[in-house]
Amino acid sequence: MMLGPEGGEGFVVKLRGLPWSCSVEDVQNFLSDCTIHDGVAGVHFIYTREGRQSGEAFVELESEDDVKLALKKDRESMGHRYIEVFKSHRTEMDWVLKHSGPNSADTANDGFVRLRGLPFGCTKEEIIQFFSGLEIVPNGITLPVDPEGKITGEAFVQFASQELAEKALGKHKERIGHRYIEVFKSSQEEVRSYSDPPLKFMSVQRPGPYDRPGTARRYIGIVKQAGLERMRSGAYSAGYGGYEEYSGLSDGYGFTTDLFGRDLSYCLSGMYDHRYGDGEFTVQSTTGHCVHMRGLPYKATENDIYNFFSPLNPVRVHIEIGPDGRVTGEADVEFATHEEAVAAMSKDRANMQHRYIELFLNSTTGASNGAYSSQMMQGMGVSTQSTYSGLESQSVSGCYGAGYGGQNSMGGYD
């Protein structure tokens with residue numbers, strides 16, 4: 001375990017492997033033998049660019065003895081996840097917190113959360129009931145609609161304080177009716193982004209799980225025009241269908257997507273190519289470090305995929321949905337660094353339930369535009385040595401072409 005440098009920079013530890021719905025209280029209970037500096041204010045979660053908890057947090061402690069006690073908790077469990085504990089320092093903590101998450105410094109504490117997966121016809125009253133006991137500001141609920149006036153299955157909620165917003169994150173994966181609701185950290189800036197000019201509809205091609213190259217069915221995807229680089233026959237973006245069974249919106253073609261492009265930000269920075277058959281379409285990832293999965297069980301969920309890669313913590317997961325509304329048995333999993341993506345390849349051919357999963361690396365050492373440099377990752381206890389060295393030279397076209405160019409492609413249908 002790599003320790004941070006000694007010095008007079010406070011008493012800080014970093015936790016990694018936290019459950020996605022982890023709350024401040026969960027961290028306090030995990031470190032119950034330690035005294036946390038300033039109580040709840042001493043726990044700092046690290047968020048991804050989409051406002052989701054990254055599975056990591058910094059905790060400020062009162063003394064060096066508290067740090068030693070915290071380090072003894074390394075590899076102990078919180079729920080079904082085992083937690084790694086690293087020694088850190090204030091400089092590292094401040095740098096990471098400044099460079100992670102969707103929020104700028106002036107909007108980081110404005111009390112917003114984003115909901116995803118709302119039932120069709122969900123009302124503001126139901127959202128208020130969902131957050132019963134947490135004060136929402138007047139007119140603090142925003143329900144975005146698409147250009148046709150249909151609800152998107154998402155909502156923004158502003159609470160009376162950032163502390164209440166943090167508590168609201170504890171409602172992640174609880175139900176409204178029969179739907180599981182996902183709760184993410186958000187900001188006023190993100191709410192404003194939903195009032196951008198309407199996104200354009202663009203027709204692209206995507207091969208079905210059993211189609212041969214060149215015979216892909218046509219379907220409609222929604223993309224941000226600024227993110228398009230090239231388009232030819234046979235192209236598609238893997239970012240179009242990442243909402244699995246919880247999304248509250250269907251586009252009429254059988255797959256679900258965010259009409260305001262939030263998860264399509266997956267396609268808008270950190271370029272890498274996806275190639276299918278004779279065509280190609282340049283799409284982009286937020287980090288540029290992706291692993292493509294093939295052979296997923298029909299009922300596999302995002303949480304199953306996160307658990308599959310544990311103790312690694314993917315930045316996000318996109319389960320692919322075909323134009324017939326069924327999962328394709330494939331997914332794209334994005335990691336914060338090239339090193340983590342390479343480490344994830346050690347799970348190639350491992351089982352998920354009764355299916356073995358094929359993995360394809362889609363990452364290069366120079367592609368990262370994320371917050372963590374190699375040097376910083378070393379300081380945070382992450383090895384920068386490749387653990388799956390033979391895969392780094394795989395070309396994107398090679399690993400993706402294999403998914404559709406052969407006769408042994410594994411779909412997700414059992």
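Including glycine, each Cβ sits where the backbone N, Cα and C put it.
Listed in Swiss-Prot:
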MOD_RES   Met1  N-acetylmethionine
MOD_RES   Met2  N-acetylmethionine
REGION    81-86  region 'Interaction with RNA'
CROSSLNK  Lys87  SUMO2 cross-link
MOD_RES   Ser104  phosphoserine
DOMAIN    111-188  domain 'RRM 2'
MOD_RES   Ser161  phosphoserine
CROSSLNK  Lys167  SUMO2 cross-link
REGION    179-184  region 'Interaction with RNA'
CROSSLNK  Lys185  SUMO2 cross-link
MOD_RES   Ser187  phosphoserine
MOD_RES   Ser193  phosphoserine
MOD_RES   Ser195  phosphoserine
MOD_RES   Lys200  N6-acetyllysine
CROSSLNK  Lys200  SUMO2 cross-link
MOD_RES   Thr215  phosphothreonine
MOD_RES   Lys224  N6-acetyllysine
CROSSLNK  Lys224  SUMO2 cross-link
MOD_RES   Ser265  phosphoserine
DOMAIN    289-366  domain 'RRM 3'
REGION    355-360  region 'Interaction with RNA'
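Spacing of Lys87 (SUMO2 cross-link) relative to Lys167 (SUMO2 cross-link) is 26 Å (Cα to Cα, whole number). Nearest by CA distance to Ser187 (phosphoserine), out of the recorded positions Ser161, Lys167, Ser193, is Ser193. With helix defined as DSSP H, G or I and strand as E or B, the domain 'RRM 2' (111-188) counts 18 helix, 30 strand, 30 coil. The most densely surrounded of the modified residues Ser161, Ser187, Ser193, judged by C-beta neighbours within 10 angstroms, is Ser187. Listed in sequence order, the residues of the same chain lying 6 or more apart from Lys167 (SUMO2 cross-link) and placing their CB within less than 8 Å of its CB are Ser23, Leu134. Predicted-model confidence for the region 'Interaction with RNA' (355-360) is 89, expressed as mean pLDDT.
Ser161 (phosphoserine) and Lys185 (SUMO2 cross-link) have their C-alpha atoms 13 Å apart, to the nearest angstrom.
In this view, Lys87 (SUMO2 cross-link) is surrounded by 22 other Cβ atoms within 10 Å of its Cβ, with every protein chain counted.
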